[in-house]
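Asks: The structure follows.
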Amino acid sequence: MESLASLYKNHIATLQERTRDALARFKLDALLIHSGELFNVFLDDHPYPFKVNPQFKAWVPVTQVPNCWLLVDGVNKPKLWFYLPVDYWHNVEPLPTSFWTEDVEVIALPKADGIGSLLPAARGNIGYIGPVPERALQLGIEASNINPKGVLDYLHYYRSFKTEYELACMREAQKMAVNGHRAAEEAFRSGMSEFDINIAYLTATGHRDTDVPYSNIVALNEHAAVLHYTKLDHQAPEEMYSFLLDAGAEYNGYAADLTRTWSAKSDNDYAQLVKDVNDEQLALIATMKAGVSYVDYHIQFHQRIAKLLRKHQIITDMSEEAMVENDLTGPFMPHGIGHPLGLQVHDVAGFMQDDSGTHLAAPAKYPYLRCTRILQPGMVLTIEPGIYFIESLLAPWREGQFSKHFNWQKIEALKPFGGIRIEDNVVIHENNVENMTRDLKLA
């Protein structure tokens, strides 16, 4: 395999080309990209955990250091001012020397407010990209050049097309997340609480809670019906029914986002439903290809949900077509089939149809779908269908003309299990779809 250093060199060349095009289109001389700053908790003297500007980590795998600055013009070697204070209160990251530093000019920045004297004197034509607009104004950046929408739209659109370096990083993130999922399943099988399962996951991935790309969803039993459940009970339930784990990892700033669901017993209806959702998810991925709208795959999976609702007699005496047409599948899968993935978990540009930022909203029937793009080579997306038993969504169907088609007794029996979600991360190639998750043999 090609080394990360050579892949990174090509990655920088791609970013330089995109930058040249963006600067020419919007008549700017350079972009000043800010890693971000620490922000203190209200009325306190300690900061919130630092989260780096994703446009910054697109260029350099520096994810834990605030007060850094990148100056890029698409022609000259990118210039990185790396924050290196004299500080005996806090850990100070050393000046980096790694696979990527040959392609970036790295300069120590001893004082957070010292960047002003190091930048070009003429700044009227420099664009600022970062989370602290007031800092840009202090540096003399024109207000109209602070996070300019056209530039961001352009950069975001092309972030959809991953370089080989980015794909290599995402495959490494997959490996870490897969290790975590295996450790978490073992912890579940041994009867641990959600809190302790989460610790097992973090230990296996080598992450802290603040390192993972999103808060882990560690849901036992009925908690699996809460789509973004992050509470973490300290006490294990008296009886284990099910375990849904939605948890990822990060490598060089790039995310993995995986979900698996397990039944405590292998011989009940729920266990068979888990298997069937898994099989249908794999069957959908097998149909995916470049040139097709992501929306089409979402709609297709509602048809697959209808098939499972009928097979398991959760909905009765109704055709699968009628279920989808009348949205009886909606309360069982209330979220989208997935989303773009990359530097951010819900990566940017899911609705952008071109590099001018033309927006195509999700269909009115499926408002929570996060992507309406035509699939193209280089895109990375999640495929994460589910079936849930959520009372607040089912309640409106308990009355009315369709109520008789719901097998309420079966639904009540399944509610203690919460729900099911199966999520893989896939790469669209010209002639195939790579399933990074299954390639690592995560069942």
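Quick reminder: no glycine exception, Cβ is built from N, Cα and C everywhere.
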Asks: Per Swiss-Prot, what member of Glu93, Glu412, Glu423 joins Asp246, Asp257 in binding Mn(2+) 2 at one site?
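Replies: Among Glu93, Glu412, Glu423, only Glu423 appears alongside Asp246, Asp257 as Mn(2+) 2-binding in Swiss-Prot.
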Asks: Which of His207, His302, His339 shares the Mn(2+) 1 site with Asp257, Glu384, Glu423 per Swiss-Prot?
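Replies: Mn(2+) 1 site check in Swiss-Prot: besides Asp257, Glu384, Glu423, the record includes His339 out of His207, His302, His339.
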Asks: Three-state secondary structure of Glu384 (Mn(2+) 1 binding site) from DSSP?
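Replies: Looking at the DSSP assignment, Glu384 (Mn(2+) 1 binding site) belongs to neither helix nor strand, so coil.
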Asks: Just the number: how many Å between the Cα atoms of His339 (Mn(2+) 1 binding site) and Asp246 (Mn(2+) 2 binding site)?
Replies: 14
Asks: Between Asp257 (Mn(2+) 2 binding site) and Glu384 (Mn(2+) 1 binding site), how many Å separate their Cα atoms?
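Replies: Rounded to a whole number, the Cα-Cα distance is 10 Å.
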Asks: Show which residues of the chain containing Glu423 (Mn(2+) 2 binding site), separated from it by at least 6 in sequence, have their CB under 8 Å from its CB.
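Replies: Looking at Cβ-Cβ distances below 8 Å from Glu423 (Mn(2+) 2 binding site), excluding near sequence neighbours, one finds Asp246, Asp257, Leu258, Thr259, Arg260, Gly338, Thr382, Ile383, Glu384, Thr437.
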